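Notes to accompany the following structure.
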Amino acid sequence: MFASELVLAFTWLINQSFRWRVVSRSAFPERLPNDDEQLPAIDMFICTVDPEKEPTTEVMNTVISAMCLDYPVEKLSVYLSDDGGSPLTLYTAQEAYEFARSWNPFCRKYKIETRSPDAYFCSCSTAVDGTDFVQEQRRMKNLLSLAFTFAIKYLIPRMCYAALAFQPINAFPELCYSLIPQLCLINAISLFPSVSTKRFLIFGAVHLSWMCQNLREEFVIGGTIKTWWKEERMRKMRCITSDLLTCFDFTMNCIGAKQIKFLLTNKAVNEKKLQLYENGIFDFEGSTMVLIPASTIAILSTITFLGGLVKVIMQESYGAMFGQLYISFFSMMSGYPILEGILIRKDKGKVPLAITLYSAVWAMFILIIFHRW
């Protein structure tokens with residue numbers, strides 16, 4: 001627990017760089033030079049590998065959007081790199097070029113701002129599923145690999161970069177607070193000061209100030225308590241899934257046990273997944289290894305909260321166990337979408353049975369090991 005507090009203190013310190021001097025930037029297009037000759041040339045690179053996982057129509061929409069930017073044509077170059085060498089990509093690139101020859105003048109003539117054909121002709125959103133955690137893991141792993149660089153000269157920019165690069169290490173204190181207080185609760189072990197003592201005020205003040213800070217930042221950008229709770233729930237889920245796997249992969253790479261490789265995620269739009277996304281429902285299909293830690297903690301938090309609550313009522317130790325009861329309840333409610341996917345939902349986006357069984361076995365194993373220890 002002490003090591004977790006040190007990690008949290010470190011991440012809190014480097015995150016203060018974002019709050020010391022908040023900068024709000026605005027764009028002034030009217031200040032651009034009127035003469036197109038004074039504008040710099042721009043090169044845009046678009047990469048694709050697998051037309052099955054990266055639908056060719058989506059790639060071509062990106063290409064056309066880049067070609068139709070509101071920028072002098074002679075100053076803009078778009079390069080498409082097909083590492084898979086697919087004939088389908090070559091054919092659709094030729095068709096996209098022919099379409100852009102008509103689409104670009106049309107957009108310029110009628111001053112259309114939305115120049116992606118897909119976005120212009122269809123207002124549908126892209127579905128979000130378990131692959132988003134894989135993308136987040138890949139992004140965090142790349143940042144963590146560069147976290148120890150000293151190429152940035154000044155302190156505050158370096159701290160801002162470090163706040164992003166060291167974000168995955170929050171997985172360790174999050175994992176610690178998702179296991180130790182709950183396991184101590186179900187075994188009737190008091191971990192925090194009693195509510196009746198003055199020491200408890202310190203813990204309460206720290207937690208309350210953290211919540212107030214997050215709520216204030218949410219309200220500043222026009223959010224609500226509901227959006228804050230959803231973001232907090234996603235933060236916790238990200239910490240114990242993609243961030244945890246990021247730290248594991250980075251450690252294995254450092255000791256030479258595993259090489260960092262490029263993971264291609266599926267970007268094809270599924271209508272059923274799109275409907276779940278539009279309804280604000282999690283889609284747990286297809287993210288097996290990523291979900292096991294999160295579902296294990298969700299099951300463990302539920303068992304420990306219910307079991308610990310019974311012991312607290314029987315022993316009447318409300319004051320001594322209040323802190324652990326609160327943490328267990330908070331953790332259980334954060335994992336409610338997973339519990340819903342395990343117990344209630346019957347659609348294809350529910351938590352697969354194999355993940356449920358694996359997680360239940362891991363949860364029981366942790367409970368037994370801690371009880372014997």
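From the backbone N, Cα and C atoms, a Cβ is placed for every residue, glycine too.
TrEMBL lists Lys53, Glu54, Asp83 with the feature UDP-alpha-D-glucose binding site. According to its DSSP assignment, Lys53 (UDP-alpha-D-glucose binding site) is coil.
The transmembrane segment feature in TrEMBL is assigned to 290-310 (among others).
Sequence annotations record features per position, and here TrEMBL assigns transmembrane segment to 322-339 (among others). Nonlocal intrachain contacts for the transmembrane segment (322-339), taken as residues 6+ away from its ends with a CB within less than 8 angstroms of a stretch CB, comprise 177-178, 181-182, 184-185, 190-195, 200, 203, 232-233, 236-237, 282, 284, 291, 294-295, 297-299, 301-302, 304-305, 308-309, 312, 351.
Under the heading transmembrane segment, TrEMBL lists 351-370 (among others).
For the transmembrane segment (351-370), same-chain residues at least 6 beyond its ends with a Cβ under 8 Å from one of its own Cβ atoms are 179, 183, 186-187, 284-285, 288, 291-292, 295-296, 298-300, 303-304, 338, 341-342, 345. Spanning the listed UDP-alpha-D-glucose site, residues Lys53, Glu54, Asp83 have a farthest Cα to Cα distance of 13 Å. Secondary structure from DSSP puts Asp83 (UDP-alpha-D-glucose binding site) in coil.
By a simple count of nearby Cβ atoms, those within 10 Å, the most crowded of the binding-site residues Glu54, Asp83 is Glu54.
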